[in-house]
């Protein structure tokens with residue numbers, strides 16, 4: 001996707017801010033014309049204001065190009081770059097069972113802690129890893145402030161694109177930006193949504209762009225206000241452009257934003273009787289209007305209404321899947337009407353493995369796999385493959401569904 005670069009501005013950087021500024025400048029120009037019509041001498045703009053105007057109009061041109069790019073992705077029928085159609089499971093008598101693809105990857109790798117995996121528009125897995133940095137007991141203090149800022153960002157490329165066929169690295173980026181990578185989602189337009197628990201921020205990077213087009217949260221500032229995040233863990237993006245962020249280790253809430261990055265909903269909120277404890281992974285079942293959450297420390301998966309079609313049903317009782325062998329759920333991924341999940345180390349009598357869940361009946365309908373410390377799971381949109389990543393051992397598994 002090309003090199004990504006850091007952006008150090010405030011809580012939300014999005015196109016809407018530029019439009020507001022355009023409105024302000026327009027009003028200022030209108031005021032000057034009105035002053036002249038009343039016989040008043042207009043004030044000469046100082047050099048600083050001229051420079052501001054120049055920078056502003058340059059940014060406006062960039063924003064128009066970005067919007068045109070996203071519109072083009074939605075409208076141009078390019079067979080090589082269109083997102084794959086989602087899988088349909090409505091006709092199946094039994095859930096597809098994941099089977100490990102042997103001898104994949106075909107080459108050896110030395111990853112850091114592989115915290116996330118998602119699938120790009122070409123069907124290749126993209127991983128987010130921590131390079132040589134490790135999250136330890138010394139990484140954060142009791143107020144959730146990152147304690148290793150002076151070490152600087154991770155210099156290794158933290159975003160690696162692997163070949164779906166061979167598993168070799170075919171692209172890399174993200175060096176010198178992130179401090180503690182955690183979550184990643186690639187949406188249908190190829191935009192990459194990333195979370196960093198040390199920065200307490202979530203980012204949207206458009207394809208082949210060096211800077212994030214949206215930044216949510218304040219750099220190195222944990223908090224619980226509308227403009228803050230605290231160790232955000234994961235994202236899920238709807239085809240409408242709406243974004244859900246799991247805000248995560250400290251606030252234990254889900255924040256829903258519109259496509260421009262404006263907060264429009266918090267889950268849970270009154271009268272919603274839903275208590276989350278470290279929401280660690282997210283997945284959307286859009287046709288069922290559900291957002292399913294890996295509620296890690298509550299050892300369950302919960303699926304409240306996403307509110308994508310309407311606000312009707314928001315706040316009603318969430319579908320809840322909680323059984324004795326589920327353990328700490330680390331991530332979830334949608335596959336048609338089903339949700340596949342992975343747990344992590346919980347207790348000696350609870351195996352670390354995968355689960356197939358039917359949120360409509362609120363039951364676990366299958367078990368599969370054997371892991372040590374899985375952290376994320378993702379499907380190719382067309383169901384051709386599934387990937388699971390682990391942190392210690394730091395590896396990526398590929399599965400086919402049979």
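In case you wondered, yes, glycine gets a Cβ from its N, Cα and C as well.
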Feature region 'Disordered' in TrEMBL, mapped to one of the ranges 76-95, 96-115, 116-135, 136-155: 76-95
Tertiary contacts of the repeat 'NHL' (221-260) (same chain, 6+ residues out, Cβ under 8 Å): 10-12, 14-16, 116, 140, 143-145, 182-185, 187-188, 191, 193-197, 200-202, 204, 214, 266-268, 275-284, 286, 291, 293-294, 306-308, 331
Most Cβ neighbours inside 10 Å, all chains, among the binding-site residues 130, 182, 296: 182
Residue from 130, 292, 303 whose C-alpha is spatially nearest that of residue 117 (Ca(2+) binding site), among the recorded positions: 130
Those residues of the chain, 6+ apart, with a Cβ under 8 Å from that of residue 292 (disulfide bond): 282, 283, 284, 285, 301, 302, 303, 332, 334, 339, 359
